[in-house]
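Colleague: Pasting a structure here, questions to come.
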Amino acid sequence: MAIQKKHAKARLDKYYYLAKEKGYRARAAFKLIQLNKKYGFLQKSKCLIDLCAAPGSWMQVAAETMPAKSLIIGVDLSPIKPIPKTIGFQGDITTEKCRATIRGHLKHWKADTVIHDGAPNVGTAWVQDAFTQNELVLCSLKLATEFLAPEGNFVTKVFRSKDSSKLEWIFKQLFSKVEQTKPPSSRNVSAETFYVCRGFKAPKHLDPKFLDPKYAFAEVEEAAVNMEARVFNPDKKKRKRDGYDEGDWTQFHEAPVSEFIQTQDPIDMLGRLNKLHFRQEKGGDIAQAALDKLTETTEEIRLCCNDLKVLGRKEFKLLLRWRLKAREVFGLRQKSTAHTKQVAEVPAEGAVGEEVATLESMDEEMKLQEELKRMKDSRDKTKRKERRRENEKKQKEIVRMQMNMTTPSEIGIEAAGPEGGDATFRIKDVDKAGVARDILKGRMHTQVAPEKEEEESEEEDSDEDGDQLERELDNMYQQYQEKREDRDTKARAKRARKLGRGDDGEEFEGFSGDEEKGAETDGSDADLVEDDDDDSMDSDDEEAGNGLTSDLLGKDTKEGGLTRRAASFFQQDIFKDIGGLEEEEDSEDEKERDSGIDVGTNSSPELNAKHEEGDEDNDEDFEDFEEDEAEDDDDDEPETLEAEEEEENWDEGTEGPPAEERGRPNIDIITAEAMTLAHNLATGKVTKSQLLDDNFNKFSHRDVDGLPEWFLDDEGKHSKIQRPVTKEAAAAIKEKLKALNARPIKKVREAKGRKTLRAARRLEKLKKKSDGLAEGDDMSERDKGNAIAKLMAKAKKSGKQKPKVKVVVAGGQNKGGGRPRGVKGKYKMVDKRMKKDVRGEKRAAKKRGKK
Ligand SMILES: C[S@@+](CC[C@H](N)C(=O)[O-])C[C@H]1O[C@@H](n2cnc3c(N)ncnc32)[C@H](O)[C@@H]1O
């Protein structure tokens, strides 16, 4: 239970809170906002159909964005609470009835855009579960082909699977432009992606088979499932992304054990089934009873049969052995002879040969494979080690040269390797190794780490032992980091930030299939262990290009005639804010993070302080706020803005006007240190130059060369300057956060506004009436006063209508705690006696009043 809660909490990300604040019914709203920002189809549409629209956030976005008086129709299996300026109804998009209802609403109109965000409702109706998302997409496309106007748009969510390419092909037949994209608000862990299809070709005739899932998704030939691998390598479980097999709705299969004993293909059964049962059905196989009583049928065997999907290799073997014994008992198999081996080579007809042969050959083959793998691993290891040594030497040389410790002419003199005097510094080789770019950045890499060291060679330094230990430590640290990244998305994001990925400030353009492939190949960078060099260096190198030669040569004639040395001196962080020197855009975010000043964004810290996590492949974003109210995520660490730089480019429209528009930088102070600093600056306690001077401290020019990464990481965490924090600043930040947390959500604000408006109207009415009374001549002053007082009392009463409290008698159905059945709103539990007493008292009071 606790795990579920944590998981749910982790899913509440920035978009969840943004949607809440902006009054959208689900975070999914931002997907449409971001898609529309990229393709701009909503502004151009006058009629839109939203298929699978509940709870209705896409309809809200459409109603906001489309021109006035547009027709917006939404349909979903679940009811959609009314949304102004839209029509919503309940229906199943796969049915004829739904089609007819849409037709009825459209009348003679044609839709300019059809949007579809459907996901099978897991748990609502199991048949619907099986109706996979891709089939739902086909259904929505079918509706789109019927209702779309020529040149219309179709936007749909698709889960990546083996069928998505087929869908893409179909889209391309019907639309002139088809693009696949994934907006930033769609979680990375989700397999969902979006297709934006524009320019509907509106074919006059469409073969119904074309959009029939049976034909559209038909496989040319289903690849045979390797049951042997499933049984003999059960640990490697593959996630089933391809959906259910046709007609296989339950995904649970069982068979009687007798069938397992008799079958000629036991491996297939073990791989395919979930359970082997010992049940004896009427008129069933009598062998079941015999098997149940067999002495070989131990408790362990029964347990194994009960859930085949959790078994390991050992248990499968146990079952197979048990089967052979049972077959011997039933006379289905003669005892295996010493000829087993021969049998394995020349499979004889009948059960004996076939079975033993299968087992033997499998074992042999696996042994061979393991042996081969071992050999390959050790060969790779040796190769990697050699390569790494070479690289290290080359890197050392380069660093020395960059530090002016050596001149280019010296390079290679000490490092003459087995390939000749200048082999170490052969730029071609460095480039080939794929590390040239990183070397240029001054990063100390260990490309791929070996696990063990070989014997030391005689020529190696005397401190090689220490080096080896260090390398081992490095490797262990790298492995530790990789493991952590595997487990923890935050660690992965941190790492990505550190590597400077996503810092280019370019607008996110979504991923096309190709780009993703590219990204995968780029990901090889992740194998490198890097030091903490700042990003300014990176961008320099980027400008210089990848070539090592051009970079080194280019550095002497840099920046306004400065020498390389001077230029590198002025590139230090402390000079970045000084006018006249070029600023590196890349490092801006880093500075923001360190300084605790949030520049140029309106998003509140509470919104940033949320996880971007979740690991469901199905519909990730479906957070219906009506049910899911405000959980606080205080214990989560703040997520820096930098990581979402790309996303903010998508978000512009949703985050308020940019700071520059308002004529001043939008600076948000979010930490106590920054607040103290700002306060000191504002009150003149420190000057700008003092601030600059302050930056010359023991932390600003640390020599990190050659220090291992784990050490630098640790230093980065703890060894940093402790800036003073005043009580007032801390209190101010606390207050600010409190205020932000207390800020009501849009719905509440609106409700309060409406209440105030109503009260103002009532007052206005009252004023008019009392003025009328006061001015009239037909009443005495006293009567006038009484009448006005009465009016006011009435108005006061109607202003605060107390909710009725329902009195429920305890006992009977309403025994025990909890809300009684069928009672809504406030209620009070009383016992019978009390109810009678209260009634009696009321009656008595009434009588007394009459007297
Ligand atoms: C991710 S939600 C849609 C969220 C919606 N776009 C929004 O912005 O609020 C997916 C919806 O698909 C609906 N759905 C699934 N199968 C359906 C079907 N056959 N017909 C209609 N709606 C369906 C579900 O009821 C669910 O509400």
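Any Cβ shown, glycine's included, is placed from N, Cα and C.
What TrEMBL records for this protein is below:
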| type | residues | note |
| --- | --- | --- |
| BINDING | Gly56, Trp58, Asp76, Asp92, Asp117 | S-adenosyl-L-methionine binding site |
| COMPBIAS | 388-397 | compositional bias 'Basic and acidic residues' |
| COMPBIAS | 452-467 | compositional bias 'Acidic residues' |
| COMPBIAS | 481-491 | compositional bias 'Basic and acidic residues' |
| COMPBIAS | 504-513 | compositional bias 'Acidic residues' |
| COMPBIAS | 522-544 | compositional bias 'Acidic residues' |
| COMPBIAS | 553-562 | compositional bias 'Basic and acidic residues' |
| COMPBIAS | 580-589 | compositional bias 'Acidic residues' |
| COMPBIAS | 614-654 | compositional bias 'Acidic residues' |
| COMPBIAS | 832-843 | compositional bias 'Basic and acidic residues' |
| DOMAIN | 617-846 | domain 'Ribosomal RNA methyltransferase SPB1-like C-terminal' |
| REGION | 372-397 | region 'Disordered' |
| REGION | 441-667 | region 'Disordered' |
| REGION | 764-825 | region 'Disordered' |
| REGION | 832-851 | region 'Disordered' |
Colleague: Same chain only, please: residues at least 6 beyond the ends of the compositional bias 'Basic and acidic residues' (832-843) with a C-beta under 8 Å from a C-beta of the stretch. Say none if there are none.
Modeller: 807, 809, 811
Colleague: Would you mind pulling the longest C-alpha to C-alpha span across Gly56, Trp58, Asp76, Asp92, Asp117, which the record has binding S-adenosyl-L-methionine, in angstrom?
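Modeller: That value is 18 Å for the farthest Cα pair.
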Colleague: Please work out the mean pLDDT for the residues of the domain 'Ribosomal RNA methyltransferase SPB1-like C-terminal' (617-846).
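Modeller: A mean pLDDT of 73 is what the predicted model shows over the domain 'Ribosomal RNA methyltransferase SPB1-like C-terminal' (617-846).
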Colleague: Below 8 Å Cβ to Cβ and six or more residues apart, same chain only. Which residues does that give for Gly56 (S-adenosyl-L-methionine binding site)?
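Modeller: Those within reach of Gly56 (S-adenosyl-L-methionine binding site), by Cβ under 8 Å and sequence separation of 6 or more, are Arg25, Ala26, Gly74, Ile80, Lys81, Ile83, Thr86, Gly88.
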Colleague: What are the DSSP helix, strand and coil residue counts for the region 'Disordered' (764-825)?
Modeller: 31 helix, 6 strand, 25 coil
Colleague: Of all the binding-site residues given, Asp76, Asp92, which residue's CB has the most CB neighbours within 10 A?
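Modeller: Output for this query is Asp76.
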Colleague: Which residues of the same chain, at least 6 positions away in sequence, have a Cβ lying under 8 Å from the Cβ of Asp117 (S-adenosyl-L-methionine binding site)?
Modeller: Ala28, Lys31, Leu32, Asp50, Leu51, Cys52, Ala53, Trp58, Thr156, Lys157
Colleague: From the DSSP assignment alone, can you count helix, strand and coil residues within the compositional bias 'Basic and acidic residues' (832-843)?
Modeller: 12 helix, 0 strand, 0 coil
Colleague: According to DSSP, folded down to helix, strand and coil, what is Asp76 (S-adenosyl-L-methionine binding site)?
Modeller: strand
